[in-house]
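The UDP-N-acetyl-alpha-D-glucosamine binding site annotation in Swiss-Prot covers Thr10, Gly11, Gly12, Asn124, Ser195, Gln295.
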Amino acid sequence: MRIVVSGGGTGGHIYPALAFIKEVKRHHEDVEFLYIGTEKGLEKNIVEREGIPFKAIEITGFKRKLSFENVKTVMRFLKGVKECKEELKRFKPDAVIGTGGYVCGPVVYAASKLGIPTIIHEQNSLPGLTNKFLSKYVDKVAICFDEAKTHFPAEKVVFTGNPRASEVVSIKGGRSLTALGLAEGKKTVLIFGGSRGAAPINEAVIAMQNELKKRDYQVLYVTGEVHYDKVTAALEKEGAAPNMVVQPFLHQMPEYLKAFDVVVGRAGATTIAEITALGIPSVLIPSPYVTANHQEVNARSLGEQNAAVVLKESELNGDRLIQAIDHILQDEKTLEEMKIRAKSLGVPDAAERLYNVLKELKHHAK
């Protein structure tokens, strides 16, 4: 069996694709994959590090307002479709799956025009432009939030959840926090701002240092590589809390995730899939810079079920952040209730569900 996977730009599109690849390999040892992405996104380094063959194409996303740049984007899209058709004819895949980001536009569109079975996977509650466009041409649309189904042709929609959920649940044991310089047996908070970090979260963490020094819990604070030097310099000046460890990036995050009692971060789809699958309460700070403010919709779906505390970025400061963490951690009853609520929203068998969509498509294509 041969499968083409495409998705990129941010970790939220890439990591679900990798989790899906692992699931297919679990069922078919001889499967061959080709990952199509861009040179500029995070996908090239991440995918090649996993030893998966990678092909780069040149494509940019559409601006939501009319502009000359969109004319150039259309030209790149058409060129990308032509290039993808040639690559697909060469590779001869049994199916093509797009996991979001503008790069999968020409890939999945080209596959549909060649009559190759196609799936798109939408991680968010509000879909992006690329997946909305592709939904007209693909065979199946896999979703992770019920709210997303109204944006797609009803007969194509299948609720699968996010494959990353299955990946974190399947990890046996996990890694010890001592490897990161943290103590075992102590309540621990993970704070991070997504795959590229988030400056407003960093500012709030720096501002809460004096209060954090008085707490009996500990914090792992992942700044994002871009922000690391600036943050460590500010912490040195401010006086970092001794119960906090700072890292630029955590490559094996799924292997550590089970060890955390609370997660503080953005409301990206991958983060939500992981923490709900493991039943981890959270403080969610939706990014206001994403398409149609979809992270706030993601976050509210947890907040309304008492699985998370939702803080808007416009309201974020050091005091508000540490109060939100305290609300969860300093009352054992609240902590346990939120764990149960979070777990009830998880889809731990998401990767298998998505694999079953592929299997069914292949069966009907015969």
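Cβ from N, Cα, C; glycine included.
Of all the Cβ atoms in the protein chains shown, 26 others lie within 10 Å of the Cβ of Asn124 (UDP-N-acetyl-alpha-D-glucosamine binding site). Looking only at other Cβ atoms within 10 Å, the busiest spot among the binding-site residues Thr10, Gln295 turns out to be Gln295. Between the listed binding-site residues, namely Gly11, Gly12, the fewest other CB atoms within 10 angstroms of a CB are found at Gly11. When secondary structure is read from DSSP and collapsed to three states, Gly12 (UDP-N-acetyl-alpha-D-glucosamine binding site) falls in the helix class.
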